[in-house]
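*Asks:* Before anything else, here's the structure in question.
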Amino acid sequence: MWLGVVTLFPEMFRAVTDFGVTGRAVSKGLLEMQTWNPRDFTHDKHKTVDDRPYGGGPGMLMMVQPLRDAIHAAKAAAGKEAKVIYLSPQGRKLTQQGVEELAKSSSLVLVCGRYEGVDERIIQTEVDEEWSIGDYVLSGGELPAMTLIDSVSRLVPGVLGKKASAEQDSFSDGLLDCPHYTRPESMDGLDVPAVLLSGNHEHIRRWRLQQSLGRTLLRRPELLENLALTGEQEQLLAEFVDSIKQDA
């Protein structure tokens, strides 16, 4: 997958290219990323990229010309099929379903705003989609862009050691992930559930599914409203609810 990022702070993206899962993906050639700084496309000695908004109001806006030219440069490198995404609080909220949709793209150009945002004409003429990572305020689009890159790259074939790693992540099937344990078997009076030590793969599968369903019910019940549960899932969830009532 090819990713282009338009940002005033390209150095921030070393966190993506140099570390962790995404860093390994870059080193293996599974993920390619380039950055474009709008300041490099200015025509004045001060490299001005922002100006006051028409109509007044607080803060500054990113100007059209430097940002537009940076986007054009990124698109030229990406090819005609590239989708231009602006990270914005007004955008579609990023979910695992959205991540899976974006992962089908061979190339993406991510535009990171700063200050009070960008001139609306950039969105009208250059942006294909707007995406948001949540209903809260950040200082710029860089952190949302890195979040999107990390989540999408996990679905690129070969990035994770095992396909099952991505399939078992929270939200991959619409549910939260189940609890996980590693050594030691006992710590401070807390023991690993016996079923995980049993070696019975079917029992382990059902336990994990039940825990995933139960955790979703307790922590994010709204997620269950959008799911059509199978007969097995309904049974496991009912058993989980009964066990909670008995322990109460």
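We count from 1, first residue shown onward.
Including glycine, each Cβ sits where the backbone N, Cα and C put it.
I grabbed these lines from Swiss-Prot:
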type	residues	note
BINDING	Gly113, Ile133, Gly134, Asp135, Tyr136, Val137, Leu138	S-adenosyl-L-methionine binding site
*Asks:* Counting other Cβ atoms within 10 Å, pick out the least crowded of the binding-site residues Gly113, Gly134.
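*Replies:* Result for the binding-site residues Gly113, Gly134: minimum number of other Cβ atoms within 10 Å at Gly134.
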*Asks:* Give me the count of other Cβ atoms within 10 A of the Cβ belonging to Ile133 (S-adenosyl-L-methionine binding site).
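*Replies:* So the number of other Cβ atoms within 10 Å of Ile133 (S-adenosyl-L-methionine binding site) is 19.
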*Asks:* In sequence order, which same-chain residues at least six apart have a C-beta under 8 angstroms from Asp135 (S-adenosyl-L-methionine binding site)?
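*Replies:* Counting only residues 6 or more apart in sequence, the Cβ neighbours of Asp135 (S-adenosyl-L-methionine binding site) under 8 Å are Pro89, Lys93.
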*Asks:* Using the residues the record lists for S-adenosyl-L-methionine (Gly113, Ile133, Gly134, Asp135, Tyr136, Val137, Leu138), what whole-number Å value is the largest Cα to Cα distance?
*Replies:* 16
*Asks:* Check the binding-site residues Tyr136, Val137, Leu138 for other C-beta atoms within 10 angstroms of each C-beta and report the one with the most.
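*Replies:* Highest number of other Cβ atoms within 10 Å: Leu138.
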